[in-house]
Amino acid sequence: MTEEKAQAYWKENIRTILSLLVVWFIVSLGAGVLFINQLNAIEISGVKLGFWFAQQGSIYAFVVLIFVYVYKMGKIDEKYGVSE
Amino acid sequence: MELQALIYIFVGISFSIYIAIAVWARAGSTKEFYVAGGGVPPVANGMATAADWMSAASFISLAGIIAFKGSDGGAYLMGWTGGYVLLAMLLAPYLRKFGKFTVPDFVGDRYYSDVARTIAVVCVIFISFTYVAGQMRGVGIVFSRFLQVDVNTGVMLGMGIVFIYSVLGGMKGITYTQVAQYVVMIFAFTVPAIFLSLQVTDTFLPQVGMFGQTAFEFSNGVQTIEKGTFLLHALDQSVNDLGFNNYTEPGSVFNMFMLTIVLMAGTAGLPHVIVRFFTVPTVKDARISAGWALVFIAIMYTTIASVAAFSRVNLIANVQNVDYKQFVNGELKKADGTTNDGNWFKTWEQGGLLAWNDRNGDGKIQYANGAAFAGKPAFDGTKTAEDGHRLTTNGAGAPTEAELKANNGIANEIYVDRDIMVLANPEIANLPNWVIALMAAGGLAAALSTAAGLLLVISASISHDLFGQVIFKDKATGKSTLTEKSELRLARGAAVVAILVAGYLGINPPGFVAQVVAFAFGLAAASFFPVIILGVFDKRMNKEGAIAGMSVGLTFTFVYIVYFVFMGGAKEDYLFGIAPTGIGTIGMIIHFVVAYFVSRATPPPPQEIQDLVESIRIPSGAGDAVDH
């Protein structure tokens, strides 16, 4: 693998990780902690939104995030011919 | 069938399975011993990781913590799951590509320094031992409660079982045993949770039931909560009436924020979790396996959150204003006509984890905010009052005006140890005996699987890193002078020593097991998490930066926790008001900053290290986990 290709691969990897980590931060530390009280004001049939994110929603989101990451990295690996 | 007989059967069957697996998967080489030969399929590895991760603390204590802390407890749920996202994206794939056996291996090789390697070994051993002490204690508690043996006998039994499958089987044995343990554990946790969910909210799935409506009417002592009220409203209303913080609102958003970060980074930096990702065949498998691990953990943790809410409601509904004598004798009826049997109250009182102090002398139990005892209840030997409750010597006196005013006329009279909530739940809810027996098998699986994983990490650090890579290192070739066979023998020996030390800590626990867990996470967040991330993502990071970062981050976190937790530092002196449990976040930031500036002021790492970093970043060609 050439050096430019390796660098391009690494850049794409970083971009993917960063975009997913932004979501990771928003659903957990954002919705579940920093803005929990504001979101708790929104209530849909007994579900207080902030509390839901802190105790349920963030966890489901984490699972989805990892599998999205696996999928996206799989595509990138294939594109650069580094998959196994 | 008798409860005791059922417990023997459930625990007996599950243990026979674990041991059979251990014998089948006996390790023959160091590679099988340390990383299961690197050939574990991702789903199995994910399940094993989940079992390894979910300790007695998760199984027994977490729901109790959340039940009493409410929203603040979310920090544990998010921290202990969100860390896997960091692990999957920032650590696991690269460490797998690096392809050695242990975390100190990575630190030592990447930073071309035995000083860094030795600091890492010390951290691994310290972090893992603090953790394992709590596990052995957990095993002891479960054994003593369910097999009715002494706590110390329970710890010895646990040591014996762990000995068989970690010393013989190594990582290979442990991994496949943990798959079985996960199945036992998740079954044991979800079945009672489903029963509870049906009982409290008429909903099958606990994750949904938590946001459902109550299936019965109950009195919280101040007012009657109608049937069909949303469970969270019923909880908020009741805890509010009784003078507690609202269940759905955090006490301090700032401290919850710091704690969540430390638990996330700490989770991703814990050596016994990281080492799991050395056991799968490829880099891709390492990513997927983190996903599977989180799936299996998420099933448990979302259930834990629900169980917490159910158990708090049940506690208030069942003990508030009940006559003690009639309650423990099973003579009381609930509003819907079923029996409110307080036998569990009596059982846990005997165990000393529950106590009642009839402060207003009305013969009835009251529950509200406030302390009914000065600290933990001190029992007056085996003396009991006329109605049969155990007498204590440090009970609070008659209710004060201020207390009654704050809690709507109710003064707290009971002490409930958080750790009993999960184990007592099936009994509080009057579930069938086999469900309780299942809990016993599940609690043991949780504690044993984690203890085994930790002991293996400790023994690998000693035999492989300390002896193999530092003490018996051939200066000329940089390789270990130990033969494969003698290193394997050394690893087994180290495992035996580790088990004995862990058993000793379980029998004579340092009085602060709960606090030292903060230690483990704080130190992992301030040491391994940053040092590995910088090693992968910052090619310019050199040994000077890494050593400086680790030392400063660790020392800061260590001193802060020791000062405020063990030396009685005053709350007013907290740095920016940060509790010691959350200080690892600051330690981590300091580590990053110090490492950056020191590395930029010193020469870059040698070319071969820069090439190593380049190769870690590309997934192909991971090959086997290589020996030195």
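Including glycine, each Cβ sits where the backbone N, Cα and C put it.
As written in TrEMBL, here are the features:
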type	residues	note
TRANSMEM	B:6-25	transmembrane segment
TRANSMEM	B:74-95	transmembrane segment
TRANSMEM	B:115-134	transmembrane segment
TRANSMEM	B:146-168	transmembrane segment
TRANSMEM	B:180-200	transmembrane segment
TRANSMEM	B:256-278	transmembrane segment
TRANSMEM	B:290-310	transmembrane segment
TRANSMEM	B:434-458	transmembrane segment
TRANSMEM	B:490-507	transmembrane segment
TRANSMEM	B:513-534	transmembrane segment
TRANSMEM	B:546-568	transmembrane segment
TRANSMEM	B:574-598	transmembrane segment
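Against the transmembrane segment (B:290-310), stretch B:74-95 has more CB pairs under 8 A than any other of B:74-95, B:115-134, B:434-458, B:574-598. Contact between the transmembrane segment (B:6-25) and the transmembrane segment (B:146-168) is present: at least three CB pairs lie under 8 Å, with pairs separated by 6 or more positions in sequence. Here the listed stretches are B:74-95, B:146-168, B:434-458, B:490-507, B:574-598, and the one with the most C-beta pairs under 8 angstroms to the transmembrane segment (B:546-568) is B:574-598. In this chain, the transmembrane segment (B:115-134) lies close to the transmembrane segment (B:434-458): three or more C-beta pairs between them fall below 8 angstroms, excluding pairs fewer than 6 positions apart.
Long-range neighbours of the transmembrane segment (B:146-168) within the same chain, counting only residues 6 or more positions beyond its ends whose Cβ lies under 8 Å from a Cβ of the stretch, are 4, 7-8, 11, 15, 18-19, 21-23, 26-27, 136-137, 139-140, 174, 177, 437, 440, 443-444, 447-448, 451-452, 455-456, 459, 492, 495-496, 499-500, 502-503, 506-507. Panel annotation: around the transmembrane segment (B:490-507), residues 30, 33-34, 129, 132-133, 135-137, 139-140, 151-152, 155-156, 158-159, 162-163, 166-167, 170, 451, 454-456, 458-460, 462-464, 467-468, 482 of the same chain, lying at least six beyond its termini, place a Cβ under 8 Å from a Cβ of the stretch.
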